[in-house]
């Protein structure tokens, strides 16, 4: 039964990562090759906005219909969108491309709400939560790599139309799989107690938000997910650019930061699930956050070595790999902690609660990534990395205090089930 859950969730998170991979890696290269300006290509980033707004329609997904219907509907909608996209000529129909991307992001964001709600209800105990969130993180990254790397490698041969026709087949097959998935067979039982009351509350959003914010541990989680990646995001964004300025070529950086580092990130996310089946999440978070702080000290110390050398390149690669490994591990721990907090909410608002926390997590990462470049331009790499180190240390202290006196105190001694 557990394997069925993991396959079900892994497949849905995999296809959820495809639109991100298309938009972040494949389309910029393809559109630039088709002659579009950098301004037009950058404009496509705005089309991510449905992911920020998804918390607004999360109560609707929570309170109406079933998760199976929402999942089948959104995945089938993605298949139809891909079929329409296959008929577009990206060389001349830029707005049509933008419209198809927007539709894919809207549908994928709704699918995300439904699959997160299903995961919260399907996964029981810390062991299952750890494995389930490992599948979530790794599946999403794998889908992104498949779309952004794998399809980019064949698009020149297959062409735009055949590529989207292939994606339509993938989404159509998954829609059929979800329609018959046995793991959702007990779903009707979940919603019986909340049906009528839920349909009334969805028309009164202030009641939903009051319930959401009253869930135990939510205020701490809100602060945590907004801030836990700040220093790390600054370093991950800026350190490769420092290496490009002083030590590495773009090709070297593409291999080490784009391929090897991503492999370490996926490895860290995968190991996170195994560790959660063996140790309490509170103890793991204390130790891993301290490891990340030490890693940041090591990476920051490399900034003073400006002369390129084989030793420096080796230390830089080691730093990148270690940083992405720990980042992947922390991501799995964080999403598990978020889901553990969401499971304390009543079932009628669980998908909304989790979507709210996930939206804050995205906002925290994206906002600081956007500011990091200006910060480095203003104060320089050394001062900026001192700030990144301060933020990283502060998040480690935030976690440590929570395991001593806050919401993670009970989980420090809790044994996996």
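Note that Cβ sites are derived from N, Cα and C of the backbone, with glycine treated the same way.
Range with TrEMBL annotation transmembrane segment, chosen from 9-28, 69-88, is 69-88.
When the ranges 138-159, 160-181, 182-203 are checked against TrEMBL, the one recorded as transmembrane segment is 160-181. Counting Cβ pairs under 8 Å to the transmembrane segment (351-373), the top-ranked stretch among 160-181, 288-306, 318-339, 379-400 is 318-339. Contact between the transmembrane segment (288-306) and the transmembrane segment (318-339) holds: at least three of their C-beta pairs are under 8 Å, each pair 6 or more apart in sequence. Sequence-distant contacts of the transmembrane segment (379-400) (same chain, at least 6 residues past either end, Cβ-Cβ under 8 Å): 223-224, 227-228, 230-232, 234-235, 238, 242, 285-286, 289-290, 292-293, 296-297, 299-300, 303-304, 372, 408.
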